[in-house]
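Notes follow the structure.
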Amino acid sequence: MYDELLDKLIALNLNFDFFGLNSAKLIYIVLLIAVIYFFRKIVYVTLERNILKISSIKDYSTQILGSVRTPIEYIIIIININMIVYVYDDFHTINSIATIFNIIYGFFLTLLFYKVLNAVALIKLKTLSDNSNIKSDVVNVALKIVNFIILIIGLLVVLYFAGVDLTAVLSGLGIGGLAVAFAAKDTISNFFGTLSILMSDVFSQGDWIEIDGREGVVVEIGLRVTTLRTFDNALIAIPNGTFASKDVKNWNKRILGRRIKMKLSIRYDSKSEDIKNAVNEIRIMLEKHPKIAGKETKYKYQRLNQHVAKLVSKDDLEGVKSTLLVYLDEFSDSSINILVYCFTKSVLWDEWLATKEDVMHKIMHIIEKNSLAFAFPSLSLYNESTKTQE
């Protein structure tokens with residue numbers, strides 16, 4: 001049976017020619033395409049099984065496979081085309097075509113490494129998010145640096161396969177280094193600003209910060225800029241070099257105490273004893289309020305260790321405030337002012353607003369209870385009548 005099939009193929013080889021392809025070449029190419037197709041299936045199945053065996057990345061198998069599927073698909077297609085050209089040319093390599101394929105291989109291999117690295121980095125970021133000693137910002141910036149290095153190496157590989165003299169290229173970079181450094185001084189400044197941000201731990205992703213009149217939540221700390229999402233939902237980019245010369249206010253670096261400060265203006269016709277009673281009652285009310293921080297409020301330090309505790313104030317380091325002050329403060333132009341100064345236990349905005357509202361209602365009740373009234377700016381006019389001498 002096989003002899004008869006071979007005789008038929010030979011007969012086709014003698015009588016069939018399609019664009020320079022005889023029957024044997026055409027059959028070989030078809031078989032080659034089929035083999036590479038099944039090889040692709042084997043690669044995907046093997047890759048998926050190996051990923052599922054690793055428990056730490058099992059939950060991310062779909063994401064990892066999706067990220068590497070496209071580069072692998074293109075590499076297999078390029079291998080297929082390369083083999084077809086090789087068969088078409090009677091198994092001889094054409095230098096110019098080989099150079100083109102090598103450049104394409106270099107490009108897609110670089111893309112594959114880039115995709116794999118990013119997929120692995122996402123898994124590491126998820127793992128490190130549970131470790132308070134390692135900031136995700138550091139991993140994020142390190143990932144960008146490694147990605148940049150991979151792209152540079154990939155570019156050099158492509159240039160090498162294209163026949164470019166890499167020695168001359170690297171020498172040219174050395175000669176033009178000073179000019180590039182001078183032209184990119186702002187970029188270098190921003191890069192060192194990035195390192196300063198990461199090492200000083202002034203803020204992290206997700207922190208609410210304020211700098212140079214701009215306020216928002218940190219979206220990302222990049223190599224050159226830090227992006228903020230403002231509270232009116234705008235996205236702004238701030239060069240990292242700015243953080244070295246401007247004051248940064250971080251509202252997230254606190255674990256206990258968000259300030260409430262009020263000035264209660266009482267009318268001048270109020271009695272001294274009533275004011276004294278009101279001040280004492282407001283102070284007692286705040287000391288007993290379940291949402292107001294006091295000296296007895298318990299809390300847990302988050303970042304403190306034994307060595308740091310000996311060098312700095314642990315309360316100031318962690319952001320702990322529990323001061324409570326209620327005093328008769330001043331005699332102003334149109335009122336007697338009472339100072340109310342305290343901190344809520346929660347630092348969250350909505351909980352702070354709710355606590356502040358409750359405190360204000362209780363203060364109003366105390367003021368009314370003691371027969372007092374709030375003053376407001378007013379102007380008194382006196383009409384002095386004159387007597388006419390007769």
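Cβ atoms here come from the backbone N, Cα and C positions, even for glycine.
Per TrEMBL, the feature transmembrane segment maps to 26-47 (among others).
The transmembrane segment annotation in TrEMBL covers 68-88 (among others).
If you look up TrEMBL, you'll see 94-117 (among others) marked as transmembrane segment.
Annotated transmembrane segment per TrEMBL: 138-160 (among others), in sequence order.
Annotated domain 'Mechanosensitive ion channel transmembrane helices 2/3' per TrEMBL: 144-185, in sequence order.
Annotation source TrEMBL lists transmembrane segment at 166-184 (among others).
Per-residue confidence over the domain 'Mechanosensitive ion channel MscS' (186-253) averages out at a pLDDT of 84. Per TrEMBL, the feature domain 'Mechanosensitive ion channel MscS' maps to 186-253.
Annotation source TrEMBL lists domain 'Mechanosensitive ion channel MscS C-terminal' at 261-373.
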Exercise for review: Mind tallying the domain 'Mechanosensitive ion channel MscS C-terminal' (261-373) by DSSP state, helix then strand then coil?
Suggested key: 49 helix, 24 strand, 40 coil
